[in-house]
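Over in Swiss-Prot, the protein carries these features:
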- 120, 121, 122: (6S)-5,6,7,8-tetrahydrofolate binding site (BINDING)
- 225: site 'Plays an important role in substrate specificity' (SITE)
- 226: N6-(pyridoxal phosphate)lysine (MOD_RES)
């Protein structure tokens, strides 16, 4: 019999699983769910193994099958992204970013990036990884009317400040950034362009968002668990020469990682194959659903930002909830109703610590089979809460609503016999 405390821990996990998988509308823009098949492949002995180094050049023995997995994953990502070099060893998008910064900037160098209030990720700024590497930053200018980087002002800034590295991509990311235009300006001062594709990686793989490497970026980094619905992890893909790629490779190991969380490789491969087969349909539906949610919110009196631009071209929707008490209050009230969003700073906020907005992403609910009609229902739930209805009453309706959306779509269907076959192959005790 298990100790009582382990039963208590199991109960916590069980209750979490039931709550987030079956009872909530999950609109966190940085999350997703793996397919049942990918989850099966995620459970394996590699969770406890090391493989320092690179394929064919390891510092540990016992890695012959790790090499097969890593090599296969690198080759498939390289083909899909049309990249000269891919590294799948970073354990997160942030680690991928840090390794790239370290490899491509001199000591005390300068990075041009978007601040948090314009959507920049913390790893792009002095509150995060840039500061840890003692790099200087200059802020890319923002065009509020177009909710995007101000191209003309960015050209001027690049010419004047001559940054070593320019970071595009964002944490709040509604519209594709002007990669081509910025890359042309970067070329005049010898700067590298990195596009952080963490949020839109699945949309890129699905073919509904521009591939930054084909737009002129030297590097794209990503995480493998947002719109790309795999296990948590990171990836770097480049259009650089061998020398620069080797610098990035050495920055990943030994500088920023020692263990690569090898058990994720097989599940990531499964997800990539699923995206090859189902990705265009899935990614297209994500963008359609995001637009539908935004339009429905507007009709409910909860207008998202960027109305004149069509609200969004990604999985995300951002709403200024100042008149409903601000981002903190709105997100907390919605959680009471089992609608999970996050507070988020908007460009006009005086302090990112007091955000006026909330950010939503539709990628997870899309994977559970929801479409435009369901987005309209979700908008009604959100509006009911923000207009002051008791969240407990809305929660009852949300739980009932979710009962019809428990099966993960856009993946391979496997029957019970196939599940048992895969599980028995991976189960360490058989």
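Each Cβ is built from the backbone N, Cα and C atoms, and glycine gets one as well.
Shown here: features listed in Swiss-Prot, placed on the structure.
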residue	record	Cβ within 10 Å
120	(6S)-5,6,7,8-tetrahydrofolate binding site	27
121	(6S)-5,6,7,8-tetrahydrofolate binding site	25
122	(6S)-5,6,7,8-tetrahydrofolate binding site	15
225	site 'Plays an important role in substrate specificity'	25
226	N6-(pyridoxal phosphate)lysine	26
Give me the Cα-Cα distance between residue 121 ((6S)-5,6,7,8-tetrahydrofolate binding site) and the residue listed as 'N6-(pyridoxal phosphate)lysine', rounded to a whole Å. 14
Give me the Cα-Cα distance between residue 120 ((6S)-5,6,7,8-tetrahydrofolate binding site) and the residue listed as 'N6-(pyridoxal phosphate)lysine', rounded to a whole Å. 16
Not counting 120, 121, 122, residues with a CB within 8 A of the CB centroid of the (6S)-5,6,7,8-tetrahydrofolate site are 113, 114, 116, 119, 123, 124, 125, 127, 128, 170, 171
Residue 122 ((6S)-5,6,7,8-tetrahydrofolate binding site) to residue 226 (N6-(pyridoxal phosphate)lysine) - Cα separation in whole Å: 17
